[in-house]
Amino acid sequence: MASPTPPGEPEHDVPDRSDEADAESSHLLPPEANHPPPPDDDRDDLAFEPHEKIMIVDIESADETAVPPFSWRKLWLFTGPGLLMSVAFLDPGNLEGDLQAGAIAGYSLLWLLMWATAMGLLIQMLSARVGVATGRHLAELCREEYPGWAGLALWFMAEVALIGADIQEVIGSAIAIQILSNGHLPLWAGVLITASDCFLFLFLENYGVRKLEAVFAFLIGTMALSFAWMFADTKPSGKELLMGLLVPRLGSKTIRQAVGVVGCVIMPHNVFLHSALVQSRKINPEKKGRVQEAINYYSIESSFALLVSFMINLFVTTVFAKGFYGTKQANTIGLVNAGQYLEEKYGGGLLLILYIWGIGLLAAGQSSTITGTYAGQFIMGGFLNLRLKKWLRALITRSFAILPTIVVALVFNRSEASLDVLNEWLNVLQSMQIPFALIPLLTLVSKEQVMGVFKIGPALEVYAISINILDTNPMKNELMYDIHIVQKAAWAVAALVIVINGYLLLDFFISEVEGMLLGFLVFTGTAAYAAFMLYLISHSGTLSWLNLMLPKFGN
């Protein structure tokens, strides 16, 4: 059954199609793809204007469902969005989680880092799938999918997560600037410099998306070179490294670090961001083969980008495992004092390791603050349907984060311990928002009204289609097995991440919340939080098909 026109969307008459191929295209693609574009005055705010998109030149084919053969040139043209997406796996909050995991757990959690990165890749591939198949990003689709109050609640949650991440990223950059200036520049000055640098880099967008992507490639390359230099300089044990990757180990004293490793792989704002970034390439949504081709190329470039991010996280973890595991500094090391500890442990050499660490941290902080501002524009524009100039949206979203960050820099700059406590609270804040990005994503990517043939449906439905010999559509049959695996894996990852972050929240509140009044407020907030999450799950239809599957497991 066709879905009703979302509120606020103009209705269009679907043109008559007598041709069989057109009818098939109409059946398999999202309904929006078959409508003529709305007049300019009625258009929603676009992630990228038509003139900003990169043209993918193609040889015309009579069969619009056929996926063109692989081309290295096309892969190069599609490469870029994955680089920006991967920055969230390398922000200062992740680096702090890496160094603490290495210092406290040694090499034992490297296997978890590897599989956590793989889980993050799956979620980001689904985000890209939504953006390519619909031509719209996740925030826009959420506004149309949910009632007004739920949409506003999701927007608020996304903004809170974004502000929390931005504070960590800006503080991380400010710490790096403090290191590189030999302590002459205070933390608040580093915050202001980071804010102005962000606008300078965003200015590059006026010269084309590829220029901005090149800047990110340079920053990621700087991180890779800096932390690889540290890795080579400290010479971690190759045997212990391989054992850590291949042999799962988890001790009672390292559970909190393990939870932190998994909790850092999915950043709520990054799920929204990737679905918008993939629209920077011009793809005809009416040609199913071209849409599938784009999904394939984005999957390859995202996999490569996250492989690079995994290697960088691996370098950081192993450097601190080699230097500080089992030492008295292990439980006190954090982002603020990590450079000092490295200098004391590995001082000397061709280049001072303190400054190598500072350069890598600065590249991580600068790149992640830019993507945070970028994500803020898409989130605000999509949920609220604001039609503002990009520079004005950037100014508003940047101010949301910079003002509280300056306050934080002034209040929490009294000691290293206070900044570490702040970082713990910010990690908890972001962990709380993860379900409100994951559940809407999995809901939308499973809906035929939204995704057409590119949906990932319930396993029961996929199984029924795959055994139906009358269903002879070649593209559907080709995708059945892939969809079956992806669907189950996606919900399993979502459930795992939500459970793990629930454990993190419970552990944190038990240790930090004291007093009857505060306990009551936390309990009330938790009840409202759980109720909204259950609403989203019930809205997704997940519970209904799970109930259908349970009797089959019982037989």
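The backbone N, Cα and C atoms fix where each Cβ goes, glycine too.
Remember, it's a predicted structure, so these values are computed and weren't measured experimentally.
Feature annotation from TrEMBL assigns region 'Disordered' to 1-46.
TrEMBL lists 9-20 with the feature compositional bias 'Basic and acidic residues'.
According to TrEMBL, the transmembrane segment annotation covers 104-126 (among others).
Within the chain, the transmembrane segment (146-165) has long-range Cβ neighbours (under 8 A, six or more residues past its boundaries) at 88, 91, 93, 139, 267-269, 272, 368, 372, 375-376, 379-380, 383-384, 397, 400-401, 404, 426, 429-430, 433-434, 436-437, 440, 532, 535-536, 539. As annotated by TrEMBL, transmembrane segment applies to 146-165 (among others).
Positions annotated as transmembrane segment by TrEMBL: 185-203 (among others).
Feature annotation from TrEMBL assigns transmembrane segment to 215-232 (among others).
Annotated transmembrane segment per TrEMBL: 304-325 (among others), in sequence order. The list of residues near the transmembrane segment (304-325) in space but at least 6 beyond its ends in sequence, with Cβ under 8 angstroms from a Cβ of it, reads 82-83, 85-86, 89-90, 94-95, 98-107, 109-110, 113-114, 117, 120-121, 124, 220, 223-224, 227-228, 230-231, 234-237, 240-241, 333, 338, 341-342, 345-346.
Marked as transmembrane segment by TrEMBL: 346-364 (among others).
Look at TrEMBL and you will find 395-413 (among others) tagged as transmembrane segment.
Sequence annotations record features per position, and here TrEMBL assigns transmembrane segment to 425-445 (among others). Same-chain neighbours of the transmembrane segment (425-445): 93, 97, 123, 126-127, 129-130, 138, 141-142, 145-146, 153-154, 157-158, 160-161, 164-165, 167-168, 260, 263-264, 266-269, 271-272, 451, 455-456, 490-491, 494, 497-498, 501, 504-505, 508, 529, 532-533, 536-537, 539-542, counting only residues six or more beyond its ends whose CB sits under 8 Å from a CB of the stretch.
The transmembrane segment annotation in TrEMBL covers 490-510 (among others).
When Cβ-Cβ distances below 8 Å are used as the criterion, the transmembrane segment (517-537) is approached by residues 150, 153, 432, 435-436, 439-440, 443, 498, 509, 543 of the same chain, each at least six residues removed from its ends. Annotated transmembrane segment per TrEMBL: 517-537 (among others), in sequence order.
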